[in-house]
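Peer 1: Dropping the structure in here first, questions after.
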(Lines of atoms letter the chains of each structure in order from A and count residues from 1; the text may use other names and numbers.)
(Lines give C-alpha, C1' and ligand atoms only; values in the text may rest on other atoms or scores of the structure.)
Protein backbone atom coordinates (compact mmCIF):
# COMPACT_ATOMS: atom_id res chain seq x y z
CA UNK A 1 0.00 0.00 0.00
CA UNK A 2 1.35 3.39 -0.95
CA UNK A 3 1.29 5.39 2.25
CA UNK A 4 4.68 7.06 2.49
CA UNK A 5 3.71 10.36 0.91
CA UNK A 6 3.25 13.19 3.40
CA UNK A 7 1.92 16.69 3.49
CA UNK A 8 -0.11 17.17 0.33
CA UNK A 9 -3.82 16.68 -0.26
CA UNK A 10 -5.23 16.37 -3.77
CA UNK A 11 -5.71 19.88 -5.13
CA UNK A 12 -8.61 20.84 -7.41
CA UNK A 13 -10.38 17.59 -6.52
CA UNK A 14 -13.88 18.87 -5.76
CA UNK A 15 -15.97 21.57 -7.40
CA UNK A 16 -18.99 23.47 -6.18
CA UNK A 17 -21.52 20.61 -6.27
CA UNK A 18 -19.50 18.11 -4.21
CA UNK A 19 -18.71 20.92 -1.76
CA UNK A 20 -22.43 21.60 -1.51
CA UNK A 21 -22.93 17.90 -0.82
CA UNK A 22 -20.39 18.02 2.03
CA UNK A 23 -22.06 21.10 3.53
CA UNK A 24 -25.58 19.64 3.38
CA UNK A 25 -24.39 16.23 4.61
CA UNK A 26 -23.04 17.86 7.77
CA UNK A 27 -26.51 19.33 8.33
CA UNK A 28 -27.99 15.85 7.69
CA UNK A 29 -31.52 16.94 6.63
CA UNK A 30 -33.47 13.76 7.36
CA UNK A 31 -31.35 12.97 10.38
CA UNK A 32 -31.95 16.48 11.74
CA UNK A 33 -35.71 16.05 11.24
CA UNK A 34 -35.53 12.76 13.14
CA UNK A 35 -33.42 14.11 16.01
CA UNK A 36 -33.03 17.89 16.39
CA UNK A 37 -36.42 18.91 15.01
CA UNK A 38 -38.10 16.40 17.30
CA UNK A 39 -36.28 17.91 20.27
CA UNK A 40 -37.23 21.43 19.20
CA UNK A 41 -40.87 20.34 18.84
CA UNK A 42 -40.91 19.09 22.44
CA UNK A 43 -40.37 22.70 23.53
CA UNK A 44 -41.88 24.92 20.82
CA UNK A 45 -44.89 22.59 20.34
CA UNK A 46 -47.31 23.90 17.71
CA UNK A 47 -45.11 26.96 17.14
CA UNK A 48 -42.32 24.77 15.74
CA UNK A 49 -42.44 26.44 12.27
CA UNK A 50 -42.04 29.87 13.89
CA UNK A 51 -38.97 28.62 15.78
CA UNK A 52 -37.41 27.47 12.50
CA UNK A 53 -38.34 30.64 10.66
CA UNK A 54 -36.64 32.80 13.29
CA UNK A 55 -33.68 30.40 13.33
CA UNK A 56 -33.01 31.10 9.65
CA UNK A 57 -32.30 34.75 10.40
CA UNK A 58 -30.20 33.82 13.43
CA UNK A 59 -28.06 31.39 11.42
CA UNK A 60 -27.35 34.13 8.87
CA UNK A 61 -25.34 35.86 11.61
CA UNK A 62 -23.70 32.53 12.52
CA UNK A 63 -22.40 31.72 9.03
CA UNK A 64 -21.30 35.29 8.25
CA UNK A 65 -17.99 34.66 10.02
CA UNK A 66 -16.83 31.59 8.03
CA UNK A 67 -18.31 33.21 4.90
CA UNK A 68 -16.10 36.29 5.37
CA UNK A 69 -13.01 34.26 6.21
CA UNK A 70 -13.49 31.93 3.22
CA UNK A 71 -13.09 34.92 0.90
CA UNK A 72 -9.49 35.28 2.06
CA UNK A 73 -8.23 31.90 3.28
CA UNK A 74 -8.51 28.37 1.91
CA UNK A 75 -6.89 25.66 4.02
CA UNK A 76 -7.41 22.13 5.31
CA UNK A 77 -7.18 23.70 8.77
CA UNK A 78 -10.48 25.51 8.31
CA UNK A 79 -11.36 27.43 11.47
CA UNK A 80 -7.96 26.63 12.96
CA UNK A 81 -6.21 28.47 10.11
CA UNK A 82 -8.76 31.30 10.20
CA UNK A 83 -8.10 31.96 13.88
CA UNK A 84 -4.35 31.52 13.54
CA UNK A 85 -4.25 34.23 10.90
CA UNK A 86 -6.67 36.38 12.86
CA UNK A 87 -5.44 36.19 16.43
CA UNK A 88 -2.12 34.36 16.39
CA UNK A 89 -0.76 30.84 16.62
CA UNK A 90 -1.66 30.18 20.27
CA UNK A 91 -5.25 31.32 19.88
CA UNK A 92 -5.62 29.52 16.57
CA UNK A 93 -4.19 26.30 17.96
CA UNK A 94 -6.64 26.25 20.87
CA UNK A 95 -9.58 26.92 18.56
CA UNK A 96 -8.34 24.19 16.22
CA UNK A 97 -8.36 21.56 18.94
CA UNK A 98 -11.72 22.77 20.26
CA UNK A 99 -13.38 22.42 16.86
CA UNK A 100 -11.54 19.18 16.13
CA UNK A 101 -13.05 17.88 19.39
CA UNK A 102 -16.50 19.00 18.20
CA UNK A 103 -16.23 17.24 14.82
CA UNK A 104 -14.75 14.15 16.49
CA UNK A 105 -17.63 13.94 18.96
CA UNK A 106 -20.12 14.51 16.12
CA UNK A 107 -18.76 11.39 14.43
CA UNK A 108 -19.04 9.41 17.67
CA UNK A 109 -22.57 10.54 18.56
CA UNK A 110 -23.82 9.96 15.02
CA UNK A 111 -22.72 6.33 14.78
CA UNK A 112 -24.07 5.63 18.28
CA UNK A 113 -27.43 7.27 17.48
CA UNK A 114 -27.83 5.33 14.22
CA UNK A 115 -27.07 1.92 15.63
CA UNK A 116 -28.23 2.01 19.24
CA UNK A 117 -31.13 4.49 19.24
CA UNK A 118 -32.63 5.14 15.81
CA UNK A 119 -32.59 1.69 14.18
CA UNK A 120 -33.90 -0.13 17.30
CA UNK A 121 -36.64 2.51 17.55
CA UNK A 122 -37.67 1.89 13.94
CA UNK A 123 -37.89 -1.86 14.46
CA UNK A 124 -39.96 -1.47 17.63
CA UNK A 125 -42.41 1.10 16.31
CA UNK A 126 -43.01 -0.19 12.79
CA UNK A 127 -42.42 -3.92 13.06
CA UNK A 128 -43.07 -4.65 16.73
CA UNK A 129 -39.61 -6.20 17.03
CA UNK A 130 -37.44 -5.57 20.07
CA UNK A 131 -33.85 -6.13 19.03
CA UNK A 132 -31.42 -7.98 21.26
CA UNK A 133 -29.97 -5.52 23.75
CA UNK A 134 -26.35 -5.99 22.63
CA UNK A 135 -26.89 -6.17 18.85
CA UNK A 136 -25.99 -2.50 18.39
CA UNK A 137 -22.38 -3.21 19.40
CA UNK A 138 -21.26 -5.17 16.30
CA UNK A 139 -23.51 -3.00 14.11
CA UNK A 140 -21.82 0.15 15.45
CA UNK A 141 -18.37 -1.25 14.70
CA UNK A 142 -19.49 -2.17 11.17
CA UNK A 143 -21.10 1.24 10.52
CA UNK A 144 -18.04 3.06 11.87
CA UNK A 145 -15.79 1.16 9.46
CA UNK A 146 -18.23 1.67 6.57
CA UNK A 147 -18.06 5.42 7.21
CA UNK A 148 -14.27 5.26 7.13
CA UNK A 149 -14.06 3.45 3.78
CA UNK A 150 -15.19 6.22 1.36
CA UNK A 151 -13.32 8.85 3.38
CA UNK A 152 -10.12 6.79 3.07
CA UNK A 153 -10.54 6.19 -0.67
CA UNK A 154 -10.81 9.85 -1.66
CA UNK A 155 -12.64 13.09 -1.09
CA UNK A 156 -14.20 13.05 -4.57
CA UNK A 157 -16.19 9.87 -4.02
CA UNK A 158 -17.32 10.67 -0.50
CA UNK A 159 -18.51 14.19 -1.35
CA UNK A 160 -20.29 13.03 -4.52
CA UNK A 161 -22.05 10.34 -2.50
CA UNK A 162 -23.01 12.95 0.09
CA UNK A 163 -24.39 15.19 -2.67
CA UNK A 164 -26.54 12.43 -4.19
CA UNK A 165 -27.81 11.42 -0.77
CA UNK A 166 -28.58 15.03 0.17
CA UNK A 167 -30.59 15.62 -3.01
CA UNK A 168 -32.72 12.53 -2.34
CA UNK A 169 -33.25 13.48 1.31
CA UNK A 170 -34.40 16.98 0.40
CA UNK A 171 -36.67 15.62 -2.35
CA UNK A 172 -38.31 13.18 0.09
CA UNK A 173 -38.90 15.92 2.67
CA UNK A 174 -40.39 18.28 0.08
CA UNK A 175 -42.65 15.59 -1.42
CA UNK A 176 -43.90 14.48 2.00
CA UNK A 177 -44.45 18.06 3.16
CA UNK A 178 -46.39 19.14 0.08
CA UNK A 179 -48.49 15.96 0.20
CA UNK A 180 -49.47 16.58 3.83
CA UNK A 181 -50.28 20.23 3.11
CA UNK A 182 -52.49 19.30 0.15
CA UNK A 183 -54.27 16.51 2.03
CA UNK A 184 -54.96 18.70 5.08
CA UNK A 185 -56.59 21.32 2.86
CA UNK A 186 -58.76 23.61 5.03
CA UNK A 187 -56.72 22.72 8.12
CA UNK A 188 -53.82 24.79 6.80
CA UNK A 189 -53.38 27.93 8.88
CA UNK A 190 -50.81 30.56 9.82
CA UNK A 191 -51.25 29.80 13.52
CA UNK A 192 -48.02 27.72 13.71
CA UNK A 193 -46.15 30.88 12.72
CA UNK A 194 -47.37 32.61 15.89
CA UNK A 195 -46.27 32.03 19.51
CA UNK A 196 -49.82 31.15 20.59
CA UNK A 197 -49.54 27.32 20.35
CA UNK A 198 -46.34 27.40 22.44
CA UNK A 199 -47.88 29.67 25.07
CA UNK A 200 -45.56 32.58 24.37
CA UNK A 201 -42.18 33.51 22.92
CA UNK A 202 -40.18 31.83 25.71
CA UNK A 203 -40.60 28.23 24.45
CA UNK A 204 -40.31 29.45 20.86
CA UNK A 205 -36.94 31.01 21.60
CA UNK A 206 -35.59 27.87 23.30
CA UNK A 207 -36.89 25.78 20.39
CA UNK A 208 -35.17 28.22 18.05
CA UNK A 209 -31.81 27.50 19.71
CA UNK A 210 -32.17 23.80 18.89
CA UNK A 211 -33.30 24.72 15.38
CA UNK A 212 -30.15 26.83 14.95
CA UNK A 213 -28.04 23.85 15.95
CA UNK A 214 -29.75 21.69 13.30
CA UNK A 215 -28.74 24.17 10.57
CA UNK A 216 -25.23 24.94 11.79
CA UNK A 217 -23.23 22.12 10.26
CA UNK A 218 -22.56 23.61 6.83
CA UNK A 219 -19.53 25.55 8.07
CA UNK A 220 -17.52 22.30 8.32
CA UNK A 221 -17.02 22.49 4.54
CA UNK A 222 -14.28 25.09 5.06
CA UNK A 223 -11.85 22.25 5.90
CA UNK A 224 -11.86 21.23 2.23
CA UNK A 225 -10.11 24.46 1.23
CA UNK A 226 -6.98 22.79 -0.16
CA UNK A 227 -8.91 20.23 -2.22
CA UNK A 228 -11.54 22.56 -3.68
CA UNK A 229 -11.58 24.07 -7.13
CA UNK A 230 -11.65 27.88 -6.89
CA UNK A 231 -11.99 27.54 -3.10
CA UNK A 232 -12.48 31.20 -2.26
CA UNK A 233 -15.58 31.29 -4.43
CA UNK A 234 -16.96 27.76 -4.22
CA UNK A 235 -16.65 27.26 -0.47
CA UNK A 236 -18.47 30.44 0.44
CA UNK A 237 -21.16 29.68 -2.15
CA UNK A 238 -21.57 26.16 -0.76
CA UNK A 239 -21.85 27.64 2.73
CA UNK A 240 -24.57 30.09 1.79
CA UNK A 241 -26.60 27.93 -0.59
CA UNK A 242 -26.60 24.85 1.67
CA UNK A 243 -27.93 26.99 4.50
CA UNK A 244 -30.61 28.65 2.36
CA UNK A 245 -31.82 25.37 0.82
CA UNK A 246 -31.96 23.44 4.07
CA UNK A 247 -33.42 26.41 5.94
CA UNK A 248 -36.36 26.68 3.54
CA UNK A 249 -36.86 22.90 3.59
CA UNK A 250 -36.81 22.81 7.40
CA UNK A 251 -39.44 25.56 7.65
CA UNK A 252 -41.64 23.77 5.09
CA UNK A 253 -41.17 20.39 6.80
CA UNK A 254 -41.76 21.72 10.31
CA UNK A 255 -45.01 23.34 9.15
CA UNK A 256 -46.25 20.24 7.33
CA UNK A 257 -45.42 17.90 10.21
CA UNK A 258 -47.11 20.26 12.68
CA UNK A 259 -50.28 20.46 10.58
CA UNK A 260 -50.19 16.74 9.92
CA UNK A 261 -49.74 15.80 13.56
CA UNK A 262 -52.19 18.41 14.80
CA UNK A 263 -51.28 21.77 16.31
CA UNK A 264 -52.92 20.94 19.63
CA UNK A 265 -51.33 17.47 19.71
CA UNK A 266 -47.70 18.56 19.38
CA UNK A 267 -47.04 17.76 23.03
CA UNK A 268 -47.01 14.08 21.94
CA UNK A 269 -44.87 14.66 18.84
CA UNK A 270 -41.48 13.99 20.43
CA UNK A 271 -42.58 10.74 22.07
CA UNK A 272 -44.30 9.58 18.86
CA UNK A 273 -45.42 6.32 20.41
CA UNK A 274 -45.59 6.46 24.20
CA UNK A 275 -46.91 2.89 24.28
CA UNK A 276 -43.54 1.73 22.99
CA UNK A 277 -41.86 3.20 26.05
CA UNK A 278 -39.85 5.73 24.08
CA UNK A 279 -38.41 8.81 25.72
CA UNK A 280 -38.26 12.30 24.27
CA UNK A 281 -36.02 12.40 21.23
CA UNK A 282 -36.31 8.70 20.42
CA UNK A 283 -39.51 8.90 18.41
CA UNK A 284 -39.77 9.01 14.63
CA UNK A 285 -42.79 11.27 14.00
CA UNK A 286 -41.73 12.18 10.46
CA UNK A 287 -41.76 8.54 9.40
CA UNK A 288 -45.04 7.94 11.24
CA UNK A 289 -46.59 10.79 9.23
CA UNK A 290 -45.08 9.41 6.01
CA UNK A 291 -46.85 6.11 6.75
CA UNK A 292 -50.12 7.88 7.58
CA UNK A 293 -50.28 10.20 4.58
CA UNK A 294 -48.35 8.35 1.86
CA UNK A 295 -48.32 4.69 2.89
CA UNK A 296 -45.68 2.09 3.62
CA UNK A 297 -43.53 2.66 0.47
CA UNK A 298 -42.87 6.27 1.48
CA UNK A 299 -42.32 5.28 5.11
CA UNK A 300 -39.75 2.68 4.05
CA UNK A 301 -38.02 5.21 1.79
CA UNK A 302 -37.90 7.66 4.69
CA UNK A 303 -36.47 4.97 6.99
CA UNK A 304 -33.74 4.02 4.53
CA UNK A 305 -32.68 7.57 3.76
CA UNK A 306 -32.96 8.70 7.38
CA UNK A 307 -30.38 6.05 8.22
CA UNK A 308 -28.40 7.11 5.15
CA UNK A 309 -28.67 10.75 6.26
CA UNK A 310 -27.16 9.86 9.61
CA UNK A 311 -24.49 7.86 7.77
CA UNK A 312 -23.43 10.83 5.62
CA UNK A 313 -23.81 12.96 8.75
CA UNK A 314 -21.03 10.77 10.19
CA UNK A 315 -18.92 10.84 7.03
CA UNK A 316 -18.85 14.65 6.76
CA UNK A 317 -17.44 15.33 10.25
CA UNK A 318 -14.93 12.49 9.82
CA UNK A 319 -13.63 14.19 6.66
CA UNK A 320 -13.50 17.61 8.31
CA UNK A 321 -11.92 16.41 11.56
CA UNK A 322 -9.22 14.47 9.71
CA UNK A 323 -8.25 17.46 7.57
CA UNK A 324 -8.12 19.81 10.53
CA UNK A 325 -5.97 17.31 12.47
CA UNK A 326 -3.79 16.84 9.38
CA UNK A 327 -3.25 20.60 9.11
CA UNK A 328 -2.40 20.97 12.79
CA UNK A 329 0.01 18.03 12.56
CA UNK A 330 1.67 19.56 9.50
CA UNK A 331 2.07 22.80 11.45
CA UNK A 332 3.73 21.00 14.34
CA UNK A 333 1.03 21.13 17.02
CA UNK A 334 -0.05 17.49 16.66
CA UNK A 335 2.06 14.34 16.19
CA UNK A 336 3.77 14.43 12.80
CA UNK A 337 2.47 11.01 11.82
CA UNK A 338 -0.97 12.55 11.20
CA UNK A 339 0.49 14.84 8.51
CA UNK A 340 0.90 11.88 6.15
CA UNK A 341 -1.29 11.55 3.08
CA UNK A 342 -1.93 8.39 1.12
CA UNK A 343 0.34 7.98 -1.90
CA UNK A 344 -2.53 7.02 -4.22
CA UNK A 345 -5.68 8.59 -2.77
CA UNK A 346 -4.07 11.77 -1.35
CA UNK A 347 -6.25 11.55 1.76
CA UNK A 348 -5.05 12.13 5.35
CA UNK A 349 -5.37 8.39 5.88
CA UNK A 350 -3.50 8.13 9.19
CA UNK A 351 -5.70 10.82 10.75
CA UNK A 352 -8.83 9.20 9.28
CA UNK A 353 -8.00 5.76 10.66
CA UNK A 354 -7.07 7.18 14.08
CA UNK A 355 -10.31 9.17 14.37
CA UNK A 356 -12.50 6.32 13.13
CA UNK A 357 -11.04 3.60 15.36
CA UNK A 358 -10.81 5.70 18.52
CA UNK A 359 -14.23 7.19 17.74
CA UNK A 360 -15.76 3.71 17.56
CA UNK A 361 -14.18 2.91 20.93
CA UNK A 362 -15.46 6.15 22.51
CA UNK A 363 -18.98 5.47 21.17
CA UNK A 364 -18.95 1.94 22.59
CA UNK A 365 -17.74 3.13 25.99
CA UNK A 366 -20.38 5.89 26.15
CA UNK A 367 -23.18 3.55 25.08
CA UNK A 368 -22.19 0.78 27.48
CA UNK A 369 -21.45 3.04 30.45
CA UNK A 370 -24.50 5.30 30.21
CA UNK A 371 -26.91 3.36 28.05
CA UNK A 372 -27.30 4.11 24.33
CA UNK A 373 -29.60 7.15 24.58
CA UNK A 374 -27.80 8.82 27.49
CA UNK A 375 -24.50 7.98 25.82
CA UNK A 376 -25.71 9.76 22.68
CA UNK A 377 -26.84 12.78 24.72
CA UNK A 378 -23.45 12.91 26.43
CA UNK A 379 -21.53 12.83 23.14
CA UNK A 380 -23.78 15.27 21.27
CA UNK A 381 -23.74 17.75 24.18
CA UNK A 382 -19.95 17.66 24.41
CA UNK A 383 -19.80 18.26 20.65
CA UNK A 384 -22.25 21.15 20.86
CA UNK A 385 -20.40 22.89 23.71
CA UNK A 386 -17.14 22.73 21.76
CA UNK A 387 -18.84 23.86 18.54
CA UNK A 388 -20.37 26.90 20.21
CA UNK A 389 -17.07 27.85 21.92
CA UNK A 390 -15.12 27.37 18.68
CA UNK A 391 -17.51 29.61 16.77
CA UNK A 392 -17.36 32.24 19.53
CA UNK A 393 -13.56 32.25 19.26
CA UNK A 394 -13.84 32.70 15.49
CA UNK A 395 -16.32 35.57 15.87
CA UNK A 396 -13.81 37.30 18.16
CA UNK A 397 -10.89 36.84 15.75
CA UNK A 398 -12.74 38.03 12.62
CA UNK A 399 -12.44 41.82 13.17
CA UNK A 400 -8.78 41.40 14.19
CA UNK A 401 -8.05 39.47 10.99
CA UNK A 402 -9.75 41.91 8.65
CA UNK A 403 -7.98 44.85 10.23
CA UNK A 404 -4.76 43.01 9.37
CA UNK A 405 -6.06 42.46 5.84
CA UNK A 406 -6.93 46.20 5.70
CA UNK A 407 -10.43 45.37 4.51
CA UNK A 408 -12.28 46.00 7.77
CA UNK A 409 -16.03 46.71 7.60
CA UNK A 410 -17.85 47.66 10.80
CA UNK A 411 -21.01 45.86 9.71
CA UNK A 412 -19.56 42.63 8.27
CA UNK A 413 -16.58 42.21 10.57
CA UNK A 414 -17.76 43.70 13.89
CA UNK A 415 -21.53 44.09 14.18
CA UNK A 416 -22.58 40.78 12.59
CA UNK A 417 -20.03 38.62 14.46
CA UNK A 418 -20.97 40.42 17.70
CA UNK A 419 -24.62 39.48 17.16
CA UNK A 420 -23.53 35.91 16.36
CA UNK A 421 -21.47 35.80 19.56
CA UNK A 422 -24.43 36.95 21.67
CA UNK A 423 -26.71 34.37 20.05
CA UNK A 424 -24.15 31.64 20.74
CA UNK A 425 -23.86 32.65 24.40
CA UNK A 426 -27.64 32.62 24.73
CA UNK A 427 -27.68 29.26 22.97
CA UNK A 428 -25.19 27.85 25.47
CA UNK A 429 -27.29 29.08 28.38
CA UNK A 430 -30.65 27.79 27.18
CA UNK A 431 -29.29 24.53 25.76
CA UNK A 432 -27.14 23.41 28.68
CA UNK A 433 -28.35 25.14 31.87
CA UNK A 434 -29.41 24.02 34.35
CA UNK A 435 -27.32 20.95 33.50
CA UNK A 436 -28.83 17.55 34.19
CA UNK A 437 -27.42 14.07 33.68
CA UNK A 438 -25.69 13.38 31.31
CA UNK A 439 -25.44 17.01 30.12
CA UNK A 440 -23.50 17.95 33.26
CA UNK A 441 -20.84 15.31 32.60
CA UNK A 442 -20.59 16.34 28.95
CA UNK A 443 -20.01 19.99 29.87
CA UNK A 444 -17.34 18.99 32.39
CA UNK A 445 -15.66 16.78 29.76
CA UNK A 446 -15.60 19.58 27.18
CA UNK A 447 -14.30 22.15 29.67
CA UNK A 448 -11.55 19.82 30.96
CA UNK A 449 -10.49 19.12 27.37
CA UNK A 450 -10.34 22.82 26.49
CA UNK A 451 -8.40 23.76 29.64
CA UNK A 452 -5.94 20.90 29.09
CA UNK A 453 -5.44 21.98 25.48
CA UNK A 454 -4.87 25.61 26.47
CA UNK A 455 -2.25 24.62 29.05
CA UNK A 456 -0.60 21.99 26.85
CA UNK A 457 -0.24 24.24 23.81
CA UNK A 458 1.07 27.09 25.95
CA UNK A 459 3.79 24.85 27.41
CA UNK A 460 4.61 23.37 24.00
CA UNK A 461 4.93 26.71 22.21
CA UNK A 462 6.96 28.27 25.00
CA UNK A 463 9.39 25.38 25.29
CA UNK A 464 9.72 24.82 21.57
CA UNK A 465 9.45 28.47 20.56
CA UNK A 466 7.47 27.30 17.56
CA UNK A 467 6.53 29.56 14.70
CA UNK A 468 3.71 28.20 12.59
CA UNK A 469 4.39 27.74 8.87
CA UNK A 470 2.19 29.62 6.46
CA UNK A 471 3.02 27.94 3.17
CA UNK A 472 0.00 25.66 2.97
CA UNK A 473 -2.93 28.04 3.13
CA UNK A 474 -4.18 30.02 0.18
CA UNK A 475 -4.75 33.43 1.68
CA UNK A 476 -4.32 37.12 1.15
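Here the Cβ of each residue, glycine as well, is placed from N, Cα and C on the backbone.
Whatever TrEMBL says is automated annotation, not expert-curated.
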Peer 1: Which stretch, out of 69-91, 161-183, is listed as transmembrane segment by TrEMBL?
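Peer 2: Going through 69-91, 161-183 one by one, TrEMBL flags 161-183 as transmembrane segment.
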Peer 1: Between the transmembrane segment (97-119) and the transmembrane segment (439-461), are there three or more CB pairs that fall under 8 A, provided the residues in each pair are separated by 6 or more in sequence?
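Peer 2: Yes, the transmembrane segment (439-461) and the transmembrane segment (97-119) are in contact.
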Peer 1: For the transmembrane segment (97-119), give me same-chain residues lying six or more residues beyond its boundaries with a C-beta closer than 8 angstroms to one of its C-beta atoms, as numbers and ranges.
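Peer 2: Distant Cβ neighbours of the transmembrane segment (97-119) are 28, 31, 34-35, 78-80, 131, 136, 139-140, 143-144, 147, 217, 220, 282, 284, 306-307, 310-311, 313-314, 317-318, 320-321, 324-325, 328, 355-356, 359-360, 362-363, 366-367, 372-373, 375-376, 379-380, 382-384, 386-387, 389-390, 393, 446, 449-450, 453, 457.
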Peer 1: Is the number of Cβ-Cβ pairs under 8 Å between the transmembrane segment (414-433) and the transmembrane segment (41-63) three or more, considering only pairs separated by 6 or more positions?
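Peer 2: Counting Cβ pairs under 8 Å (6 or more apart in sequence), the transmembrane segment (414-433) reaches the transmembrane segment (41-63), since there are 3 or more.
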